[in-house]
Amino acid sequence: MLPTAVLLVLAVSVAARDNATCDGPCGLRFRQKLESGMRVVGGMSAEPGAWPWMVSLQIFMYHNNRRYHTCGGILLNSHWVLTAAHCFKNKKKVTDWRLIFGANEVVWGSNKPVKPPLQERFVEEIIIHEKYVSGLEINDIALIKITPPVPCGPFIGPGCLPQFKAGPPRAPQTCWVTGWGYLKEKGPRTSPTLQEARVALIDLELCNSTRWYNGRIRSTNVCAGYPRGKIDTCQGDSGGPLMCRDRAENTFVVVGITSWGVGCARAKRPGVYTSTWPYLNWIASKIGSNALQMVQLGTPPRPSTPAPPVRPPSVQTPVRPPWYFQRPPGPSQQPGSRPRPPAPPPAPPPPPPPPPPPPPPPPPPPQQVSAKPPQALSFAKRLQQLIEALKGTAFSSGRSYYETETTDLQELPAS
């Protein structure tokens, strides 16, 4: 019983840690009520926590310290929000913006701090796609860096992005849009409550036909709505998500970012979205490939990161024995093992001994040969001196052996 309780505590702590750092599963709804939204324009109010990755981008006015909702965004992790580039046409300074997380209702022109579980954050950096074309809304995508990082919780969680192998979203498919935008085309202001609605993906060729958008749709766009209109995103929904359910994972994947449209909910004028799939590499180049893989469904892409980490162990296999590093002699042995090429330095000492012996042998023989005659002569002379001493004609006793060897050499033949 005790081990089970311990395991439950550990599981809860791990889940809480992942939730706090936004490293947990992406695309999970905390409050699911999919049958509610049958009709943004034509939508219905969402339940609190239904879309935890929804972010409210609000312009901050310094003259009255009030915030005004302007665009939506998608939370990717504690540091990054994905949105549309055209949201920053008029306000490009980071100090002009505030980010509200976990909200279901937003107050237009509020000057009060948000209350938990909502979180308010500043903008550290705005990254607009380098090839964004205003007016034509080409490459209408941007990233916002959050400061300080926002923790995830019951009403705040990361959204999912498609896998690289997924390809662009294809019709027919029913997906979802959300936002605090206008409830009708010429509404007075944005909706105070988050709206949700079902929309159908529309084939790009049909959407680009002469009676629809007549060539204005690009391959990096997604069209969603209905031929008859009536349900659509509108002003104030820009930057928000177009989400399709992944039935295998039972999660939602953000396949598009609300970009533009002609009017709101008009017939044959569906909402136009920036497809997220063509920009996965761009997103990875800004937030990092590991951060991107954390918000991509499925295991195939994630093992691609463990695979490189496996290579480092393989690189370390030559020094795999741990004691090489843990013991002091170990490190010295390994550096010494590389100096095995310096083992020739010990070899050079052996070569010196052989050369010295050869030179000494040749010199000594000639020296010994030349020295023998003087030694023979000295011995003969000594013998002669001994004989002469016996005869009574001895040398003075004060001379050394060296002096005797160097004097009277001519007397040698007399012996």
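Every residue, even glycine, has its Cβ placed from backbone N, Cα and C.
What Swiss-Prot records for 1-16 is signal peptide. Positions annotated as N-linked glycosylation site by Swiss-Prot: N19, N208. What Swiss-Prot lists as domain 'Peptidase S1' is 40-288, and the listing cites sequence analysis. Annotated disulfide bond per Swiss-Prot: C71-C87, C175-C244, C207-C223, C234-C264, in sequence order. For 300-312, 328-367, the entry in Swiss-Prot reads compositional bias 'Pro residues'. According to Swiss-Prot, the compositional bias 'Polar residues' annotation covers 395-409.
Positions of the features from Swiss-Prot, shown on the structure.
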residue : record                      : CB count, 10 Å
C71     : disulfide bond              : 28
C87     : disulfide bond              : 24
C175    : disulfide bond              : 24
C207    : disulfide bond              : 22
N208    : N-linked glycosylation site : 18
C223    : disulfide bond              : 26
C234    : disulfide bond              : 27
C244    : disulfide bond              : 22
C264    : disulfide bond              : 26
**Item:** Of the recorded positions listed as C175, C207, N208, C244, C264, the one whose CA lies nearest the CA of C87 (disulfide bond)
**Value:** C264
**Message:** I'd like to confirm something. Which of the recorded positions, N208, C234, C244, C264, has a Cα closest to the Cα of C223 (disulfide bond)?
**Reply:** N208
**Prompt:** At the level of the C-alpha atoms, what whole-angstrom distance separates N208 (N-linked glycosylation site) and C71 (disulfide bond)?
**Reply:** 26
**Prompt:** How big is the Cα-to-Cα gap, in Å, between C264 (disulfide bond) and C175 (disulfide bond)?
**Reply:** 18
**Complete:** Mean pLDDT across the domain 'Peptidase S1' (40-288) comes out at 96
**Request:** Pop the Cα-Cα gap between C207 (disulfide bond) and C234 (disulfide bond) into the table, whole Å please.
**Result:** 18
**Item:** Separation of alpha carbons, C71 (disulfide bond) and C175 (disulfide bond) (Å)
**Value:** 20
**Request:** To the nearest whole angstrom, state the Cα distance for the pair C244 (disulfide bond) and C71 (disulfide bond).
**Result:** 20
**Request:** Work out how many Å separate C71 (disulfide bond) and C207 (disulfide bond) at their Cα atoms, rounded off.
**Result:** 25
